[in-house]
Amino acid sequence: MRSTSLQIFCGRPVPGNKMQFLGGNRRKLRLADDQRNACYPHSLQFYLQPPSGNISLIEFENLAIDRVKLLKAVENLGVSYVKGSEQYQSKLEAELRKLKFSYRENLGDEYEPRRRDHISHFILRLAYCQSEELRRWFIQQEMDLLRFRFSILPKDKIQSFLKDSHLQFEAISDEDKTLREQDIMASSHSLGGVQLELESVYKIPFADALDLFRGRKVYLENGFAYVPLKDIVAIILNEFRTKLSKALALTARSLPAVQSDERLQPLLNHLSHSYTGQDYSTQGNVGKVSLDQIDSLSTKSFPPCMRQLHKALRENHHLRHGGRMQYGLFLKGIGLTLEQALQFWKQEFIRGKMDPDKFDKGYSYNIRHSFGKEGKRTDYTPYSCLKIILTNPPSQGDYHGCPFRHSDPELLRQKLQAYKIPPSGISQILDLVKGTHYHLACQKFFEMTHNVDDCGFSLSHPNQFFFESQRILSGGKDFKKESVQPETPQSKLSVQRSKDASSALASLNSSLEMDLEGLEELLQ
């Protein structure tokens, strides 16, 4: 029987009763209050030291899921609101409070929220160090989280935080500030209209302020830059990005040792690739779609990735393996039976002048295999958005992948025009794509093609797109008063940011709660 817990010594997993992140001491100690406070003196940190002590596998996965929820909330709020605005700040604080992570100083006993924050960050390093795309996403969300926490850090705590983070930034005295007031005011554009005596100014090494120097936005003297508090945030974030990027690279090199434990590898892969919702297997949907309906459904309810695959199949009467897998599993997920799938693909390939015997010998096996009827009898599930975005990118002659991730911007613009998306909507979608918010770009496409202001969910799966579309078209959700067919664009797009963010976060939490059950199954 396989153990459901393990112990790590010096980064190498060995059998045991607990998961242990090792610093110097292998024993789990009960800390006094002053010792607990000394472990985590601030509500934010640079995560310079890995956690030490024992942690059970169930807590390991719970912390990981909660951290993913938090970072997804950071991403969604960053798109729906202006970062730093009152609404953004209040909603992000509410998420931190709900997930029991640290966010403010002087809130009583903060040891446990800060411990959760510390350990969960390092767990996700293991999951998100595995590719450049994952690292980029993780770093950006962690930077936004740090920016928020720093923005609400009391001024009297800033200096000690900088010191604990090994940042040689020293707040100058009022006397020094008065002596250099004119030079600092003339050089620092962010101080426009601000009285310098009300603003903290930090003396930092010149090399740490190169970006400000290049823009001629800082006063220099004797190898030091004198930087107002408003400008120092960017320098702190840059230092954090540099340190975290290097740490993720080191983690990636050490990952094989951690993955040598057969229980950790699927868990980490699950976190990085499959955390965005249910798998949309065919349960309850088998036989609900007829072959005669597919052409019509493709223009009404298919997401762009499946719509382009269907179009290519009808035009070329063939798809390469990557396209057949992506589209075939999608069709399976919306309800096609094995018999329907064999008939669908065979009819289309024969139209391309393929001999029926060649299809039976070369292609029917793979279709049966995807339904769990051949080989290892694995019943494959449809690909999630994240899997499509991050794995098996299309090459020339391929039609699989995510149009928002893998299409040239000009080609994507032409596709959106062909789908009758209005110019204002195309601009919004392309802006989201430029910011690498591919899920949100597809979600915006859904809202515009279905003539709704708020789709009411956080999109994470092509089959989710299909089922939500069918729900709307069948009357499960009210249309706007000027209701039109799905292909007709809104003449004027109205974005309800607050509703979008709230519904997206609610859907995200729901989907990740479901995924936690899947994580537990991995450790059985």
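From the backbone N, Cα and C atoms, a Cβ is placed for every residue, glycine too.
What you are looking at is a predicted structure, and each value in this text was computed from that prediction instead of being measured.
According to TrEMBL, the [4Fe-4S] cluster binding site annotation covers Cys305, Cys385, Cys402, Cys442. Taken from TrEMBL, the feature compositional bias 'Polar residues' applies to 485-496. Feature annotation from TrEMBL assigns domain 'DNA primase large subunit C-terminal' to 296-466. Residues or ranges marked as region 'Disordered' in TrEMBL: 479-498.
Features per TrEMBL, on structure.
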{"residue": "Cys305", "record": "[4Fe-4S] cluster binding site", "Cβ within 10 Å": "25"}
{"residue": "Cys385", "record": "[4Fe-4S] cluster binding site", "Cβ within 10 Å": "24"}
{"residue": "Cys402", "record": "[4Fe-4S] cluster binding site", "Cβ within 10 Å": "26"}
{"residue": "Cys442", "record": "[4Fe-4S] cluster binding site", "Cβ within 10 Å": "24"}
| query | Residues near the [4Fe-4S] cluster site, Cys305, Cys385, Cys402, Cys442 excluded, by Cβ within 8 Å of the Cβ center? | reply | Pro303, Pro304, Ile388, Ile389, Pro403, Phe404, Arg405, Tyr438, His439, Pro462
| Across the domain 'DNA primase large subunit C-terminal' (296-466), what is the average pLDDT of the model, as a whole number? | 93
